[in-house]
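First up is the structure itself, then whatever we jot down about it.
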Amino acid sequence: MSNPILLGIFWHFIGAASAACFYAPFKQVKNWSWETMWSLGGFFSWIILPWCISWWLLPDFWRYYGSFDMATLLPIFLFGAMWGIGNINYGLTMRYLSMSMGIGIAIGVTLIIGTLMTPVLQGKFSVLFGSAGGRMTLLGVLVAVIGVAIVSYAGLLKERVLGIRAEEFNLKKGLILAVMCGIFSAGMSFAMDAAKPMHAAAQAQGINALYVALPSYVVIMGGGAVVNLGFCFMRLATCKGISLKADLAQAKPLLIANALFAILGGVMWYLQFFFYAWGHANIPADYTYISWMLHMSFYVLCGGIVGLLFKEWKSVGQKPVRTLVLGCMVIILAANVVGLGMAA
């Protein structure tokens, strides 16, 4: 396996680790509605950071974005909005299914669709089955799905031991939402593929290959921001139990602490895709669709590791922990299989 491929896998792991940890600062926010907290963190992760980093990277910020027509920008923006819908559905999925079942189905669906639909839509179906490397990467995707399923089953065992149930368990609604979440969340993978002209234009301006995807985040995450912020503002305006005015009426020290934690959560959330761009830049051109599989499977892997480090599995017995470790090992195996496939 070549050094660039190893680096690509490594950076995808770092990005996924940030994704697995980003909600920890949000948990420290007190006496705020989820909508206010999510909006503030999201404002930094979807708008402030993408714009600031692009402003810093691009020699001529406005000329760069002005060089693209609507036929190029609109699909990228809409795929970003599609991914934003997936974010909202993710929370609803957890509401109607258990955490483990919701994550297992949603991540499994988005991993498969986001990984395989890109080469199919590009007309590169032969790449998947027509070469030894393509077949091996497909095997790696299958192994990753199995690993995600095992980790999800470990979560189910944990929930049974701890007596955790979904807030409003509804199998039919939960399954529909989980599948929808998986489909819509794959919008990020599609957006990255649609943004290739933006990546090429950034590289033509002399930007390092590791950073060429970052300017496209202004458009991609702009689409996600419209959906997420619109959803949050609508709820703040219409739901009786929550109020922006009440959230901002807290004592000044608490307001400052809440704001800092929300912003930190937003920064950590953005870092997952910052390093996703680094990983993506090191993946061979014929296998860029594998970036999504690496990110999502490592997200589940890192989530399991974080849970163990924070002793969330301390009192659940040996079987759930052993199952979790097995699932994590299978995901690591999947990453190695995919890496060998790309190097073939």
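Glycine is no exception: its Cβ is also placed from the backbone N, Cα and C atoms.
Listed in Swiss-Prot:
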TRANSMEM  4-24  transmembrane segment
TRANSMEM  38-58  transmembrane segment
TRANSMEM  68-88  transmembrane segment
TRANSMEM  101-121  transmembrane segment
TRANSMEM  137-157  transmembrane segment
TRANSMEM  175-195  transmembrane segment
TRANSMEM  207-227  transmembrane segment
TRANSMEM  255-275  transmembrane segment
TRANSMEM  290-310  transmembrane segment
TRANSMEM  324-344  transmembrane segment
CB contact flag for the transmembrane segment (255-275) and the transmembrane segment (324-344), at least three pairs under 8 A:
no
With an 8 Å cut-off on Cβ pairs and a sequence gap of 6 or more, do the transmembrane segment (137-157) and the transmembrane segment (207-227) reach 3 or more such pairs?
no
Any contact, the transmembrane segment (290-310) to the transmembrane segment (38-58), with at least 3 Cβ pairs under 8 A:
no
Sequence-remote partners of the transmembrane segment (175-195) [C-beta within less than 8 Å, at least six residues beyond its ends]
75-76, 79-87, 89-90, 92-93, 96-97, 101-102, 105-115, 117-118, 121-122, 213, 216, 219-220, 223, 273, 280, 288-289, 291-292
So, does the transmembrane segment (324-344) come close enough to the transmembrane segment (4-24) to give 3+ Cβ pairs below 8 Å, pairs being at least 6 apart in sequence?
yes
Apart from its near flanks, which chain residues at least 6 from the ends of the transmembrane segment (38-58) lie with a Cβ under 8 angstroms of it?
26, 64, 202, 205, 207, 211, 214-215, 217-218, 221-222, 224-225, 228-229, 232-233, 236, 259, 262-263, 265-267, 269-270, 274
Long-range CB partners for the transmembrane segment (101-121) (under 8 A, at least six residues beyond its ends), listed in sequence order, are 86, 89-90, 93-94, 127-128, 141, 144-145, 148-149, 151-153, 155-156, 166, 174-175, 178-179, 181-183, 185-186, 188-190, 193, 288-290, 292-293, 296-297, 299-300, 303
